[in-house]
């Protein structure tokens, strides 16, 4: 990739195309020391570079003295070190506080400080989600056992894929998995294995050799789709995947596989799980609110209790290391394969081997090695128990119990909306993770986190109680503050009280979350238009923008509202996507949208194309087919946000005179020249993107210069 960009002819070609920040998008922040660069993601490097530049003095220098007030504000240190402690640590290495720093020295100091902060917390520097066998560097380690397990999973589940089978099977002893992940196809296909139908595979760029923007499109599609199935990708950028960064690639693959393995651990998919609780609404609601891994533990302990195992398994690590719990579990689930020697075996490794033999005889694929159990690998043990659950869950088929569970599950529309809001909240990067919206928001804490994210400074944290909350009135206090902030933000909360949230009133919670999501969406759009002196963004503005964009592109389709029944064909959205980026839609794949099947094909293609472009969206094809007004609005607004954002980015990198002889240079930091006529609204728009809150994962994209043609006219008249 670097050699491609360094070639002057290629660079010139990219500049002619108008891909102003292609070099920045792919190469990112470059550090001369490769080891040092490998310690950070591109998202982290961009953030640290921005903060480093912000403290430069009038001479453009940064000294040791400038660092303590900067570093104490960084998330890695703010809760662990005081400013004085940071100054003391720096003083041990630099006696002269006026010593000047460059960015790479700053990064080394950051790593050293991070090590000391971690040591103060009492955690090993090597600790991460991937433990044991270190194969990369000090701070980013991976587990060879996990790598081998994920490779085996990929070799099995993608063996018959028409495109990938030419590269499979992968060798777990090599870096095949990271090299194959670099073009994005593997990760996109794996997402579809985990949650079938998430990505319309017609939108994936599948060629043996992809050019840089095709590869980038695949990774953008992958990251936005990963968010749409519940993965956390806040600190992963497309460049990290292009480079095949082992700890990040393996971390993402781990999340995707985990979602696949735990997909059936809910009452909707497996109503037999109701057997784990008493036949009461409260107990079933509690079960519905548990994270899938907690449900798996509950299921495991249910059977262990029946088998006479005296301990309670509370984790997938230390509590299963001796393999005794597995022995009891398999004996009760598949007694016909029981080996009486297993419990009598003194050696944990040998016992683990007998357990794996037992599991294999009952149909479980053999991913783990005995030492993976004994070493207590959380991810691998969780995967093993999930496999056992899939093969034989041992639960009752009592029709009365199953019927009771089915009555407790939500109707289709509420379930779809809960899914959308859950995924949106988890994509914001807040500290909490939502497993079930209706259960998890009842303390009010998560809603306060979301409000603080979309309206910074709105929450009075001194009057908030963090879970676990012992006293019910504290939950009401939290929820009352949520409603109060909603009023301040001019939400419609006439019939909503804090107690309604505590009680889990689904319709009122959905109504509040929709207003919250819409507020965030409109604020993002407003942030991109603030320099153009635009008024508050309204739904009508978004509608007018979309119609105008399609009309300017030369097409005639127009819509009257976000309830327009003609939207069900999908053709308007395909024309809108084509208008903002002409090459993103392959019209040979588009149907007329006359039958339900044709509408579904168009709808699935629209969602994948929008994500491939860079839109972070959480709707389903049914939302387009049925013209769900809320979801249609979010889709249109996301496309508008992308277009305005890249109009701004393109304006920032506009050609600027480099000297008096008329020659010009491209620079990612260039500011657009002011318009003499005052009519260049795009130039004034382009400088204002500082208040965006979206993560970088979906925004590292390259676009053609035609994407916002005539944007100045549109923005001025929205």
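Including glycine, each Cβ sits where the backbone N, Cα and C put it.
The compositional bias 'Polar residues' annotation in TrEMBL covers 656-677.
Mean pLDDT, taken over the domain 'Calponin-homology (CH)' (144-261), works out to 92 on the 0 to 100 scale. Residues or ranges marked as domain 'Calponin-homology (CH)' in TrEMBL: 144-261 (among others).
Look at TrEMBL and you will find 290-393 (among others) tagged as domain 'Calponin-homology (CH)'.
Annotated domain 'Calponin-homology (CH)' per TrEMBL: 415-521 (among others), in sequence order. Residues in the domain 'Calponin-homology (CH)' (415-521) partition by DSSP class (helix H, G, I; strand E, B; coil) as 71 helix, 0 strand, 36 coil.
Per TrEMBL, domain 'Calponin-homology (CH)' is recorded for 536-644 (among others). Helix, strand and coil content of the domain 'Calponin-homology (CH)' (536-644), in residues and according to DSSP, is 74 helix, 0 strand, 35 coil.
Residues or ranges marked as region 'Disordered' by TrEMBL: 654-689.
Among the listed stretches 144-261, 290-393, 536-644, the one sharing the most Cβ pairs under 8 Å with the domain 'Calponin-homology (CH)' (415-521) is 536-644.
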